[in-house]
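To start, the structure under review is shown below, and the notes come after it.
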Amino acid sequence: MAAAAAAWQSPYLNIFKHFRVEEWKRSAKEGDVTACLDKRLKGTVYRIRGSVPACNYLQLPRTGTQSLGLRGRYLYLLFRPLPRKHFVVHLDVATQENQVVRISFSNLFKEFKSTATWLQFPFVCAAAKGSLDESTARASRRDLVGAAPANVRWTCLMLDLHDILSMYLNRRYSHLKSIKLCSNLLVRNVCTSDLVFDPGVTFSEARQANLAGHGVSPMPREMAFPVPKGEKWHDHYDYIRFPSEGSKLPYDSIQKSCSSPAAGGQPSEDPVCQLPQPMTLTKAVRDRLSLIHQITSPRAVPHRCPAVTRSIPEVHLAAPGPLRAVRAGDQEAEKNSGQCPAVSDGSIHVYAHRRSERAARTTRGGSEEDASRKGPGADVLASRRAAHCRSFLPDPILRLRKIIGFGGGSTKCALWTKDNSAVVYPCHAVIVTLQIQTGEQRFFTGHTDKVSALAFNGSSTLLASAQAGPLSLLRLWDFPGGSCLSMFKAHMQVLLSLSFSYSGAVLCGVGKDGHGKTVVVVWNTAQVSCGGDVVVLAKAHTGVDIQTLKIAFFDDTRMVSCGRDNVRLWRVRSGVLRSCPVNLGEYHSLEFTDLAFEEGHSAEREPEDRTLFVCSKSGHVLEVDYKHVCIRSARRLLPSQQDQQGGGAGPGIAINSISISSAFCATGSEDGYLRLWPLDFSAVVLEAEHEAPVTSVCISPDSHKVLCTTTAGNLGYLDIESRDYSTLMRSHEDSILAFSVEGVWKQMATVSRDNTIRVWDLVSMQQLYDFAAADEMPCAVAFHPTQRILACGFGSGMVRTFSLAASDLLVEHKQHRTVITGLTFSPDGNFMFSSCLQGTLALYSSVVPKSHVLRVLGNVVARDAGSGPDALAVSGDSRLLAFVGPSKYVVTVMEASSLDELLRVDISILELNSTALDTAVRVSFAPVPRGELLVSTSSNKILVLDAKTGRLVREVSPVHKVSCSSLALSKDARYLLTAGDKVIKVWDYQMRFDINFQVYIGHSEPVRQVAFSPDQRHVISVGDAIFLWDFMALPVERSPPALARSSESSPLPGAEKSSEKLKDVSDIPRQTIPLPLLSSPPCLDVSSVHLAGCQSIFSESDKEEEACLPGSSRLVANGDKDTSVLVVEPVRSEELVVRPKVRRESSRSPGQSAREPRKETKSPQSQCNVRPDSYRHFTPRFKASALPQSFLSPPAGNELLKLKAVIGYNGNGRGNMVWNPDTGFFAYTCGCVIVVEDLHSGLQNHWLGHTEEISTLAVSHDAQVLASASGRRNGDSHCQICIWNIQDGVCTTSLFHHKTQVQAMAYSRDDRFLATLGDYNDQTIALWNAYTYELLSSTCISEPVHEVAFSPFSHREMACVGTGAVTFWLLEQRGADINLKVHRAPAPAVLGPVELTSLCYGADTLLYCGTNSGQVCVWDTETNRCFMTWEADDGEIGVLVCRRSRLLSGSNTKRIRLWAVAAVQELRLKGPEARSHSVMLEHEITLDGTIVSAAFDDSLEMGIVGTTAGTLWYINWAESTSIRLISGHKNKVNEVSFSPDETHCATCGEDGSVRIWSLGSMELVVQFQVLNQSCQCLAWKPHSIVAWEAESQHVVAGYSDGTMRVFSISRTEMELKMHPHATALTAIAYSTDGEMILSGGKDGLVAVSSPRTGMTIRVLADHKGSPITVLQCTRKQYHEFGVEGGELWLATSSDRRVSVWASDWLKDKCELLDWLSFPAPASPEGLSSLPPSLAAFCPWEHGTLVYVGFGMQKEALFYSLHKKQVVEKISLPYFATSLSLSPAARFMAVGFSERLLRLQPCPAGTPQDYGGHDDAVHLCRFTPAGRRLLTASHSALLVWDLGGG
């Protein structure tokens, strides 16, 4: 509709002309706005001038409440800024999110600014070529920012509104709302368009260069500037396109680019001309709440980037002849191919090939949406594929036998065939031909929506059908053959009526268009039977109402229509459709409903001399003289037939339909009567009464029968000779909700939304009973298995049982108060069960006819699981009851006879590789011998569970495009039925084939229920109608031998992969597809390999016999195990060893071999522990600090400091960030702290259990447990692994095994095991029991390994990557012992010597590995071979994440890339023929550092990525956005300073950055970056005493090159740069009034500089030779201490000297007040480096300073300037490295290199020590108010709240 609404704006819209600006009615002006004549343009322009832009403007539209509503993508503004003046332009643009954004540009703006609703762009005016202004710009090499130059030119500015919103605000453009042009400028015009216009191209040049094909058009005349003949446009005018074409980065200004547009303009030779510069990250981070909403809000499914088609699956239809089936929704594609699907005798069958199937593993089903229609040559393709793919037989397994139903789209359509033997009618989307004698049905399928109209030609050889809905497609059918001849659009929104000419050469249709106007279309169908197309002969729109239109049988070009207030005659002549109204006279206001021509032929009458009968709602029947276009007579039919002429009184019969034969007339009326009349309508000859209004009547061609339809969905005919009425079809009037089948009497009961319960005979399919519930809707129904009793549940909560034998109500149960969601009987008939929407479950005894309640349980059934026929399931032996509840995530199994709970299974945690919480939808029991429970889930899977233990046996996925609405298993457990959306699938339950399912279509609405008939010979499905299918499968006793044998082999429970079978691992890829095993795979410990045949997948080892190990309590019998299998078994001593199992010689007996002594062997350990060439390998940051020897922990509950927030992310970690999108759990590490952040509120929890830097994290798949690993603590011999309970944040277990660092960790798919991987110095892999955290096994590996991962399809398989190889591990459990089988697969030789650095499992059997050379290798985990590689990046790939058919790679090139890998599964079968061109790069984003961690949702649409720069990025691939989520310093933080109002703080670091943080949200607000320098110190300017500067916020920073820079926070720019020092600055401070900056350098000099002038006014050399460590200023009384000046400041140097000064900078006074020097030992003992000397003024004791540093004792000294002596000493445990004093209370914070923070109450109090730092606490600072403390340890910033005091 938007496109239609914007059609009037194409190809462009002249806004000034359209809105008639000169009249000022739809536009507004304010101030000096006049129209004038411009000499250069030779036309009228508008001049807007004035000193205040806000008071002088031109505005469109007139008021702000109106909207222009212009949808053109490009805005063209033709204007010229007035010389030496400024101008402003405002554009208000609406987004598709209904938000209004203002886009402003002006040469007043000096910098780009943006908010969520406003973009401000500086406009740079270009000077004329050769002018003085241009020369000035050339000399200064600067843009002409500011007022327009004197010779500024006319400019054509083209704004791409779509790209501006998308690039700068990530919004989607909708339309232009308003324009405001403010002084000072001249404007010629404003236009919008979706086309790119180039002003420098003429129309002739555009045609010659074919620029239209490149998307470029010449400028229209209304928008063109005049160009002198022979000259170029660009020599006189400027053209600006913003953003520039192809730009992917935002720019900070609008200015002329260096080259002309695409039309071939030559690049400018001007060296000054430069593209606008990309924006730096200097503005505030986007609103966190909106960002978190994107991350945590529920996701609709996802769509995403276009899916890459893996293959073209085949679609088969088993039917005689060239019959085919079509997938619903593919009709548009059929039109292009010129072929249509066939009508079959019931075989509506579609199936699609699956990618791969394996026995006894997770089954991946395809979906019907992957199916595609057969095109030309598809049969050849099918024959070729048949050699490679196997599908279960028979094919088709279902054949549609009968449909119970009529109508759906219309109940007016029912036709006789020419031979009078059959009737044709629609049943929703299927057209049915019913033989009236035999009841046999034939089906025409292909429509995807309900059929609304039908029409036959005179010979019944052509059938026309139209479907309802927005498509309004028509189909023409070869009726005898059953094939679709043509399909075409109806050119209207709703099609009401069709009429075929007698010859079949013309088809006419009438309907409504999108605006509700009546449309009449006439098609030429003469060539259809010969393979020709359907052509529109004529089309007309009319304002009159038309109910029926019919073609005259005597002339194909003439038609008649009738409707409200009109009867019209139509004729097609010369391609034009014209109409003539019949003069109705006094009957002009009647509502005419139907018409019919007089039958019969006479030689003396002209063909057109026929009488036309028209009927109406008022009972009038008009006889119209067709030839003379007039009314011959009018009759009114009344209920009483005394007066049938027009003068009768009372209400007439409302006639809906009329049919004429040569002898009589038939009418169908609103009163439910079918009446037969003589042609003079003198009296009723025969009538038949119906329960509902009659909608249509049709006399058979032989005039012996009359077909009749009703609004109730009944279809029948009246035999005139016998006067018998036969009902052909009854149907529900609305959707069918559920059904139940009874096997003894072969009856079926259905309930529907039409409030009826109906019972049908399964043999004849005739309706037996009809129970109507007027005021309540029946929801569920169930037959008693042994008695003729029917139970029904209602929307009111009532459960009623009926006796079918007596047709009577037996009993009403009122245990429920709301809608019944489930109702069923136990198979033995002893019990009945019901459930309702409130979660109540009721148990009834149904042994006797009148059932009674036994037990009622509340809140046990899920309330939000929805209702359905499979809500309650009872096992075949009547012992177990299963249902979804008490929540939708849980399936509960109860004892059926007592409702005692036996088992609960949490469905949401069974799928480990999914990031969405799965919910159960339907349940069904398998036959008793199997003991399995089937559960369909919301993620389109079917889970097969062990009904006793709840263990997941296997899963089928995906089953349908939507969740499965119903499922049923055959009694022999061979076939599974599923229903989803509008299709039915039949599955091979064993999943033994390449193609395990067949798909069947036909329903036009979602299928509510599907089930086998009791005799298993039929399948029944209900939804829009009742479909009865023949089930063609052979019974078990008649199955083919091979099939019977295979069906007896049940899959291995719990085994998701058949990796145990022998595989060929030779270098030559296999050329044939391996077939799945039809029997259970052999167990691992008895698999054998024939050395002469093929090579084992397991690595060869020394052929040593095994001896009984010391401490072992058992012997391992080797049997026939091969020597290539390495088995890791736990032994009862301290170490775990790897022992090769030894092959027996043929001469030895197994018994003798078992008693042979075994030798213990260890896997060789690498002797050269060199760090591998991989950034993925974790290396801890070097630390010189050590843990404290003593720690004074504060009493529980009396802590004075509380950790509020941690700022930063440790980019040195690897995989140290986790995010679970289902639960929202988000955690990352910063130093030794685990930060758990709530993404909704931004609040943090901090888990403090480590003392060393955390290397990696791992979260369990159910997001209940987190594992974290760090290095060794002092005194420990092993590094620490902490196991955390996520719910309460408590460390439940600490594990110690690895000697150095833990490189990676991973949980198995069922969370039973935890694998931990040591680094290159440790080289061990350990396996832990994740329930008890006992060490199950530990294996020494001979080379460094970088990453480990468990298979998402099997908890027994995992893989590791390392130097040149992938190691595949297979877990084998024997009782309490775990054995590991290992196979090392080397990397392909084509890669050369390489490190495999990362890995992740993909779909089915795929494993992706990244290398340090940028390659991605794809491995087949069945054969453990690499079959494909491609170059994915230029650097090392350290992160891989795979979800379904998409792969994400992250590397040290700072890039993350998204790959479409859907075709890889198919390429796996090609072996060496697989090529990487089938892998496509979808997106790429460059971040700020090497990628070290990543976590994404299950569709890879959004996620979080961590980099070595200390940043966590939020990534949204769908919107191509990357937003900083967590920021931190990459290197050491050197200083912290706070704003005077404590709303912000500033930090600086070794990386040269100055970062401004919001203390409220801890978000990074602004970052100033100086390259190649280290920022050593900074200070925040205090509040200014000057009022107009009070709002100004400034920070000064000192750098390692001796410079200092002053940054404006409010303006986000550097204001001043000074160079007062020759060496690095080490300390800096503002004077108390902010008018001076004191800076200290590494050489000991102190400089005093003015930030106003940038001059250094004084240099103090008293501390020369020793670096300045502290500068601090404070206020004093002017004459205090006997010296003049209102300021007191101190300087501290590293030689333990402190100087105190008094100063008055306005008077240039600076006087030394005191000089302190503190003694120290001659030689420090036990110190690698001296601690710093620190001093600070005491805020609570004026005139006192505090000093800490290296000295004779470890203490803090309080020195009084008044007394000139130390007045107090406080003992410290270590030498201090940082110091800060709180102004709010007498607290002193001291940091130590022993990673300890001490809060010391003063003057004397009990100190409190705090941890949380993994290195020396080198910085601590109280806020100005003293209630908050910020500490720094290397790059980690910790924010503490101070209580007490």
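Cβ atoms are placed via backbone N, Cα and C, with glycine included.
What TrEMBL records for 1057-1066 is compositional bias 'Basic and acidic residues'.
According to TrEMBL, the domain 'CFA20' annotation covers 6-124 (among others).
Residues annotated as domain 'CFA20' in TrEMBL: 151-198 (among others). The average pLDDT computed for the domain 'CFA20' (151-198) is 91.
Taken from TrEMBL, the feature domain 'WDR90 4th beta-propeller' covers 1532-1842.
The region 'Disordered' annotation in TrEMBL covers 354-380 (among others).
According to TrEMBL, the feature region 'Disordered' maps to 1042-1066 (among others).
Residues or ranges marked as region 'Disordered' by TrEMBL: 1139-1172 (among others).
Sequence-distant neighbours of the repeat 'WD' (729-770) (same chain, 6+ residues past either end, Cβ-Cβ under 8 Å): 402, 404-407, 425, 427, 434, 439, 711-716, 776-786, 788, 790, 792, 804, 807, 868-869, 1005, 1008-1009, 1011, 1013-1015, 1018, 1020, 1022-1026, 1028. The repeat 'WD' annotation in TrEMBL covers 729-770 (among others).
Look at TrEMBL and you will find 1526-1567 (among others) tagged as repeat 'WD'.
Residues or ranges marked as repeat 'WD' in TrEMBL: 1618-1659 (among others).
Per DSSP, the repeat 'WD' (1618-1659) is made up of 0 helix, 20 strand, 22 coil.
Across the range of the domain 'CFA20' (151-198), the DSSP-based residue counts are 9 helix, 28 strand, 11 coil. For the repeat 'WD' (1526-1567), the number of residues in each DSSP class (helix H, G, I; strand E, B; coil) is 0 helix, 23 strand, 19 coil. Residue counts for the repeat 'WD' (729-770) by DSSP state, with H, G and I taken as helix and E and B as strand, are 0 helix, 24 strand, 18 coil.
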